[in-house]
């Protein structure tokens, strides 16, 4: 039996009782490398579980899948991931391979960022498609995510922006030399995210108010019509270390959040939310508790004047 | 301290280790009534936790919140919910009340149906807004959900359809007589869901192929233009008892799934997914494993001919 087990969002105690029983009963337990970087160290997990854990690097999917699934038809094997197992195709891949070999599988669910998104105070019903924001480079600024953001905004829906994570990057030099040496992991900070968001906003809807690094060779469609995401008139949130004891949420306008520094947001893991017009008074109230500028922050003013939503008066 | 703790999707062992420690350390532990009906009986939870649990009926939010939060600034109190705490406004309400009274709060996350949606094999990124399908009556068939479904379909996004649950219904007679007697809980079955979906489809896009109970007095806008949800050409899925040992997933066209009976789908809890055009080969392959008709089912044909997606050839 192959168990794919979600470890939840924060530390070794976020595993479910069911997951812990499976981990203790398995012959071999693999920990996805990204997971081990993100959460507690492998050693702390081994201590808590009372058994050894093997880091799976996922260097080459086929080779490693073979090893992970070795004898899984005879013994129990567990594969641990941060959050919930089925948020990404990587695990679907492993499950499909197991099933193709006739190996029984069981998925043990846990909280993921999609669940924790509820921590924002924004209603899950009002979220449209999630988007992924990749790390931009000097020569590569892929912005198809912006089209999806616009689609959501057009219908008034909120957008969860998942921020890029680079776990096993090789410098160009090492790659050229075939040296399996890796850069330290990079988890995008909301400060970088908002920088990139404003950059793309400036390219898609150039105006004198938004400074953008406009490269004349850019093959970027300059959109007709006004922007749906005016940084001064669009509400946003950052969600940091959700589900951990140092969880931090900040709300405000895109412009306000873009002025904060990487240190204001702190250590990984982060996500960003762009707030849509279907905003509800209870959402304004709940999410507003963490707004830039407190009671006099732009959050309340923009919610009222731009989104047309009064805050919910409460108890 | 008020702890709001998610119990996950299935049974007493889906609580996290962290949640279990909190439950054992609290002065009082409340279990939301809906949760106690849905998951294991209160007695089984009490046995597993080794302590008593109080069912919170949520009869009147204010009265009960007062009782739940009584002395929570001096002692620890836990409030247990099925799935994850922050999927619905009810719990936001309790948290806001606690915070307004200066009572510290901690949320312990767990899997919810939003997470378990990944079990479908469909990519979370491709889901648009979730919709709620309420129980229709003879005189009331609210279908604003259909507009949201169309919005998603227009952009090719999948739609998670959450099915109505009635936990504390009173018959009209009992309501009139002020008798606090409740009907047994009702959890919508996908058979009913598809019946209602086809009913509304028939009203919005009347055609000779779809039988609909057309009431001439209906104030239903008959849409111009072709439907985005032709039952024969739209793929769908049912997700039943996700995260439990009797989990069942069925895929196929809306028409095929609508022909199945309540017994085919089985016991609660159920959700439905309407599949959008952004379907990916890996999704076709993974979700197709549970399709009506197996290898010769309509799922594969419609995926190819209508969605234009070939199945992923695998290992």
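Using N, Cα and C of the backbone, Cβ positions are placed for all residues, glycine too.
All TrEMBL annotations are machine predictions without curation.
Feature annotation from TrEMBL assigns S-adenosyl-L-methionine binding site to B:9, B:84, B:87, B:112, B:113, B:163. Per TrEMBL, the feature domain 'Tetrapyrrole methylase' maps to B:1-168.
Shown here: features listed in TrEMBL, placed on the structure.
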{"residue": "B:9", "record": "S-adenosyl-L-methionine binding site", "Cβ contacts under 8 Å, 6 or more apart": "B:82, B:83, B:111, B:112, B:113, B:116, B:242, B:243, B:244"}
{"residue": "B:84", "record": "S-adenosyl-L-methionine binding site", "Cβ contacts under 8 Å, 6 or more apart": "B:6, B:109, B:110, B:111, B:112, B:114, B:115"}
{"residue": "B:163", "record": "S-adenosyl-L-methionine binding site", "Cβ contacts under 8 Å, 6 or more apart": "B:133, B:187, B:188, B:189, B:190, B:192, B:193, B:270, B:271, B:272"}
Which state, by DSSP, holds residue B:163 (S-adenosyl-L-methionine binding site): helix, strand or coil? strand
Binding-site residues considered: B:112, B:113; fewest surrounding Cβ atoms within 10 Å belongs to B:113
PLDDT averaged over the residues of the domain 'Tetrapyrrole methylase' (B:1-168): 88
